Amino acid sequence: MSRLSYGHRVELHSNSAAKALLSLMERKKTNLCVSVDVTSKASFLTIIDAVGPDVCLVKTHIDIIEDFDQDLITKLQELSAKHDFLIFEDRKFADIGNTVALQYSQGVHKIASWAHITNAHPVPGPGIIAGLGSVGHPLGRGLLLLSEMSTKGNLATGLYTESAVEMARQNRDFVIGFIAMSRDSLHQKEKDDSEDFLILTPGVGLDTYGDTMGQQYKTPYEVVFNRGCDVIIVGRGIYGDGKNIDISSVQTQAKRFRQEGWNAYLKRIDG
Ligand code: 5BU
């Protein structure tokens, strides 16, 4: 499955967020997602405007923004239209269905109203998909399950990962794929040729191997070519520590990661 082009895979999905993302990647020729983990509205929007031409997806942690307001969402949506990218709120929901439905739709952030894609830990069981799906599916949103993580010592391995894949298989209209470190968990159990899941992978870097808090980095080539993942998620590798942002360096790094990710993908589909 991972040898098919993004464009060919559009038809294998019924979910509109999955279709939109795959079409966009094919059209714009990028599999780069930038994770914009900064805490001020101004830096957040500045970085997104700078990397916008090079990304298929912008990943947010909306709850770390100190001066969040509705205008930030309006501006984010304007940038999404201007540069042609989708929005992924990395919320990592992890509660019972009833609670996550409220967290997804209500409160200050009203995530479901603007995030095309969000994600959830499978730890509560299928009820978390039912809860999020009751809000997101009618809006055409897509959900990723965290079947693996990038950090040292994480518990999302083995049977846990396999169970996450099974939960996704039961809910393919809303669960569009996984946050995972490789395609292996799917290959082993792939059931039929029409099954297609997106694999989005954080922990991607080119100049460092990790940080002091357990993060571990792999290169875009390792992630996309060797491990068959679809989207590379890059944060600090592009904008550093988020202080004193140098826009031209942010743009240079975004183009560098974009090129590395796309070349690895071209080599993969070339087989
Ligand atoms: P970095 O600056 O490239 O290390 O940022 C990585 C981002 O991806 C950050 O927003 C994390 O919350 C996110 N992430 C991760 O690093 N590893 C994981 O397993 C998951 C999410 Br799930």
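Positions of Cβ are set from backbone N, Cα and C atoms, glycine also.
Unlike curated records, TrEMBL annotations are generated automatically.
TrEMBL has this to say about the protein:
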type     : residues                         : note
ACT_SITE : D90                              : active site, for OMPdecase activity
ACT_SITE : K92                              : active site, for OMPdecase activity
ACT_SITE : D95                              : active site, for OMPdecase activity
BINDING  : D37, K59, S150, Q215, G235, R236 : substrate binding site
DOMAIN   : 31-250                           : domain 'Orotidine 5'-phosphate decarboxylase'
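Annotated features taken from TrEMBL, shown on the structure.
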| residue | record | Cβ contacts under 8 Å, 6 or more apart |
| --- | --- | --- |
| D37 | substrate binding site | H61, I64, G235, R236, G242 |
| K59 | substrate binding site | C33, V34, S35, V36, F88, E89, D90, I233, G235 |
| K92 | active site, for OMPdecase activity | N119, A120, H121, L146 |
| D95 | active site, for OMPdecase activity | Q103, P124, I128 |
| S150 | substrate binding site | M181, T201, P202, G203, Q215, Q216, Y217 |
Shell of the substrate site beyond D37, K59, S150, Q215, G235, R236, same chain only (C-beta within 8 angstroms of their C-beta centre): S35, P202, G203, I233, V234
Distance-selected recorded positions near ligand 1 (C-beta under 6 Å), from D37, D95, S150, Q215, G235: D37, S150, Q215, G235
DSSP state at R236 (substrate binding site), helix/strand/coil: helix
Other CB atoms, at most 10 A from the CB of D90 (active site, for OMPdecase activity): 21
Neighbour-count leader, CB within 10 A, binding-site residues: Q215, G235, R236: G235
